[in-house]
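To start, the structure under review is shown below, and the notes come after it.
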Amino acid sequence: MRAANRSSVSEFLLLGLSRQPQKQQLLFLLFLTTYLATVLGNLLIVLAVSTDARLRSPMYFFLSQLSCVDVCFSSTTVPKVLANHILGTHTISYPGCLTQMYFVFVFVDMDNFLLAVMAYDRFVAICQPLHYTAKMTPQLCARLLSGSWVVASLNALLHTLLMARLSFCADNAIPHFFCDVTPLLKLSCSDTGLNRLMILTEGSVIMIAPFVCILASYVLIAGAVLRVPSPRGRWKAFSTCGSHLAVVCLFYGTIIAVYFNPSSSHSAEKDTAATVLYTVVTPMLNPFIYSLRNRDLKAALRRVVGRKTFSM
């Protein structure tokens, strides 16, 4: 069947977060501020890690990769929102919509995998410190990173191809600020059973398996920290882990609520609010949570910016 016969829709309308002009102005400013903070914060981390020889460890390597992914993740959705507001248009082409969905899947999966790899790195560093250098070798780090990219790309390609086979007939208004899979499935006038089945099966494995690894790593870390004799040392470790787990719970909680709940429990407003958290807010929070509690990285950031902006 030809592509033209699969869909009579050549473009979609992104309705955004609100149709009220005053709220649109406020949301524009919030999105712009959040995006600039996300790009600046994450690029500063990448610059600090790449220029400071004292940050040549797996932890900082994966942190810099997470920062790169977060910049790309935000750049996949937020600039389109800002451009639509400035130009006064809400359209996105059919190929552009599928392309945006593909990259959203890729970067969501990469965030997912990198959070799991970073949790494993901390587990080895805290629970098996004598074996850390032997286990977390540069070769292993490269394999973990490249493997994550391969799996994320293939998973995104699978869901994009499944979406491309669907027909979109009359309604082309997406009650969202980007081309997300859930509202697109609701617009389709063909059978979406296979798409939903793959989200609930293969998609669940992709998302939940790393989440379980993260929880297992932090449970083992907590057990090791409880054996630390110093109350101050225990509090410092638990405080840091608590901050990391807050981002993990925010990231995974919103994704599970949007993609892995029964369709009867979904509403456009709730889904849109939840996706704002993991696509816009979480990438902005990561630099603060993973950096401002780290003395070595704060010192590197001070050297990068040339003043004591990040001093406590």
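Positions of Cβ are set from backbone N, Cα and C atoms, glycine also.
The model shown is predicted, which means the values in this text are computed figures rather than measured ones.
Per TrEMBL, domain 'G-protein coupled receptors family 1 profile' is recorded for 41-290. Residues annotated as transmembrane segment in TrEMBL: 26-49, 101-120, 140-158, 205-226, 238-260, 272-292.
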Contacting positions for the transmembrane segment (26-49) when only residues 6+ beyond its ends and CB under 8 Å are counted: 16-18, 55, 60-61, 63-64, 67-68, 70-71, 74-75, 78-79, 81-82, 85, 280-281, 283-284, 286-288, 290-291, 297, 300-301, 303-305
Overall pLDDT for the domain 'G-protein coupled receptors family 1 profile' (41-290), taken as the rounded mean: 86
